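Have a look at the structure below before the remarks.
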Amino acid sequence: MSTPTRKHTALPKAQILIEALPWLVRHNGKTVVIKFGGNAMVDEDLKAAFAQDIVFLHQAGLKPVVVHGGGPQISAALDRHGIVSEFRAGLRVTTEDAMDVVRMVLAGQVQRELVGLLNRHGPLAVGLTGEDAHTITAVRHRPEIDGERVDIGRVGEITDIDTGAIEALLADGRIPVVSSIARSQDDHHVYNVNADTAAAALAAALGAETLMVLTDVEGLYEDWPHSDEVISRLTASQLEKLLPELSSGMVPKMEGCLHAVRNGVTTARVIDGRVQHSILLEIFTDEGIGTMVVPDESEGDQS
Ligand SMILES: Nc1ncnc2c1ncn2[C@@H]1O[C@H](COP(=O)(O)OP(=O)(O)O)[C@@H](O)[C@H]1O
Ligand SMILES: CC(=O)N[C@@H](CCC(=O)OP(=O)(O)O)C(=O)O
């Protein structure tokens, strides 16, 4: 007489873990740059879930590097200081006074909060800004608007990345959390850099496998704002053609994705930061959500 099989109620959990095995093997030891946008930092549960995902990646053998934004938080602080927020070409016009507030909010508030959330799980996260150890150097950015170069104050265009400090932290088993502030080489001052641009430049310089940009929409909409049909996959050339049609916050994101995949990053993704654990879904399942940009030579490759 055979012994009845015991009911193992935990079996589905084992199944889920095993399904992640090929992804764990594939991503082991790889650097992943994750940009957490200010608009995706909408509630406490989401921020805590974001921290759990990053710590999970770390414990699973990946090397996550967090670059954070804070646009809405900066706007709120400027408002409290009676400084009006103005954007040109998608970038904040940053006066000297505004720059003090930008630096205070990014490095002193948003970065501190993320570092604190990550360190609830252990002594893992270390915050820095692009100023530290010459991580990000920039010159004054003068965007061209209607054929003319305009002055938008202390906004930086990245000229150089020194990955030394970040790599030392990664080698020490830490999670770097980077604020998008750059040092200037010429006048010993600092610059405000768009966080998508900073994340993309860091991903390329670090030779990251993936750039993941979390935002407050599902991905790149094909015909925004008229439809919410998400473009799930794009090659670099396809994205390049689309760039002139894009507007507002999507411009630096998609320019950043293009820069990343044209400079050695295997995939750049824009995903919905409002979905809890969207990072884990994206990395460890084949139910990836959002928009994935791949280099041209990967055309037809579905990995
Ligand atoms: N084609 C598009 N697809 C999706 N969102 C778009 C598109 N074009 C512009 N957007 C806008 O870009 C915003 C995301 O950028 P942004 O507000 O800068 O977010 P974050 O704080 O995450 O960087 C979306 O909320 C949406 O309003
Ligand atoms: C030059 C410039 O525009 N810098 C941005 C930096 C923060 C940022 O990029 O935050 P999000 O990712 O949340 O938009 C700003 O001042 O808002």
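Just so it is clear, glycine is given a Cβ too, placed from its N, Cα and C backbone atoms.
Counting every protein chain shown, the Cβ of Asn192 (substrate binding site) has 26 other Cβ atoms within 10 Å. The substrate binding site annotation in TrEMBL covers Gly70, Gly71, Arg92, Asn192.
Positions annotated as domain 'Aspartate/glutamate/uridylate kinase' by TrEMBL: 30-272.
Lys35 (site 'Transition state stabilizer') counts 29 other C-beta atoms within 10 Å of its own C-beta, drawing on all protein chains shown. Summarising the annotation, TrEMBL assigns site 'Transition state stabilizer' to Lys35 (among others).
Residues annotated as site 'Transition state stabilizer' in TrEMBL: Lys253 (among others). Under the three-state DSSP scheme, Lys253 (site 'Transition state stabilizer') falls in the helix class. For Lys253 (site 'Transition state stabilizer'), other Cβ atoms within 10 Å of its Cβ number 28.
Cβ neighbour density within 10 Å is lowest for Gly71 among the binding-site residues Gly70, Gly71.
Sequence-ordered, the extra residues of this chain that approach the substrate site, with Cβ no more than 8 Å from the Cβ center of Gly70, Gly71, Arg92, Asn192, are Gly38, Gly69, Ile74, Ser75, Thr94, Val102, Val105, Leu106, Ser180, Asn194, Ala195. Other C-beta atoms found within 10 angstroms of the C-beta of Arg92 (substrate binding site) number 22, with every protein chain shown included. Between Lys253 (site 'Transition state stabilizer') and Asn192 (substrate binding site), the C-alpha separation comes to 16 Å. Ligand 1 lies under 6 Å from the Cβ of Gly71, out of the recorded positions Lys35, Gly71, Arg92, Asn192. Under DSSP, Gly71 (substrate binding site) is assigned to a helix (H, G or I) in the three-state scheme.
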